[in-house]
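Student: Before anything else, here's the structure in question.
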Amino acid sequence: MPWSSRGALLRDLVLGVLGTAAFLLDLGTDLWAAVQYALGGRYLWAALVLALLGLASVALQLFSWLWLRADPAGLHGSQPPRRCLALLHLLQLGYLYRCVQELRQGLLVWQQEEPSEFDLAYADFLALDISMLRLFETFLETAPQLTLVLAIMLQSGRAEYYQWVGICTSFLGISWALLDYHQALHTCLPSKPLLGLGSSVIYVLWNLLLLWPRVLAVALFSALFPSYVALHFLGLWLVLLLWVWLQGTDFMPDPSSEWLYQVTVATILYFSWFNVAEGRTRGRAIIHFAFLLSDSILLVATWVTHSSWLPSGIPLQLWLPVGCGCFFLGLALRLVYYHWLHPSCCWKPDPDQVDGARSLLSPEGYQLPQNRRMTHLAQNFFPKAKDEAALPVKG
């Protein structure tokens, strides 16, 4: 194997280790904060931290288990019996099991002198599932935890050292998940040279810069009206869920489990943009952007009229201008990304790839596993080329 290919495999292996470490670090800081709140007698804050952790973990295990159950029996080779896998997911260890499985396959491929195409494709298959799960965990747990810790700091009028550590690890986890997700989409592109690392960096930056003002606006409202923030979230979430349902998603292995994907996407849309349907998405993106911007402005206006309710000592006069600056910079980078760095692709079916299954052929005739879940998201994310869109549809 050429040194360049071995170097790429080693890089992917190291990135997998770092991604797992970032997940464990974020989990550890959240548990640390919950313990500190409980020791200080602030049991409600500790319960909220643990509730967000628990709900996100349950959703993650459901995704992982449903995908494993839908994968053909021969795809993953030697793995524990289904009962053991079910027990791992029941103990909230399914995601970590997938991480270990991905690292083991990556190490196996890197150690081989000439890894087979199937081993390489299978390593990509596992990594793509991890990328999707990490993105879901980011918006189901990390972004809400970041909002919660900011609201606690605003309401209490002081910031503890473990809260600053939690904020740093949250931003690290969000950045890593967005970068990993964008690179995973790149893996599914028919033409890999269309997209580079610079495109992923711009993608991460505009998402972070637009996410921060949204989180700050929700945190301000939560600090002022902690009893009403749940109603605010539920009202917007139901509207977004209806919007997702009307777009007719088809992501999960069977229609009976599609609801899990829809409620997750509705939660993501509460914080940021996420495309769930094919076709030109400019109109849908503008509608979502205007909807979220209007809601954030109303939340900030509520703070302006009730700012005296918050304790002194919080530099809100500095935070709000910084939030506005982040918003306009993120908007500019988003326009730059979609105008110059977002490619159109000619999506064509690959006869040598199947949806994560070993075919019943001889060992020399194995079809390569394809992660249709991530490919489906990539087809939604990257628009079809104009020449392909103009072609007539064949029966």
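Placement of Cβ uses the backbone N, Cα and C atoms for every residue, glycine included.
Taken from TrEMBL, the feature transmembrane segment applies to 43-68, 161-179, 194-212, 224-247, 259-277, 289-306, 318-337.
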Student: Can you tell me which parts of the same chain pack against the transmembrane segment (224-247), counting only residues 6+ beyond its ends and a CB-CB cutoff under 8 A?
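Tutor: Contacts of the transmembrane segment (224-247) (Cβ under 8 Å, skipping residues fewer than 6 from its ends): 151, 155, 218, 262-263, 265-267, 269-270, 276-277, 284, 295, 302-303, 306, 309-310.
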Student: How about the transmembrane segment (259-277) and the transmembrane segment (161-179): at least 3 CB pairs under 8 Å, pairs 6 or more apart in sequence, or not?
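Tutor: No, since the transmembrane segment (259-277) and the transmembrane segment (161-179) share fewer than 3 Cβ pairs closer than 8 Å, they do not count as touching.
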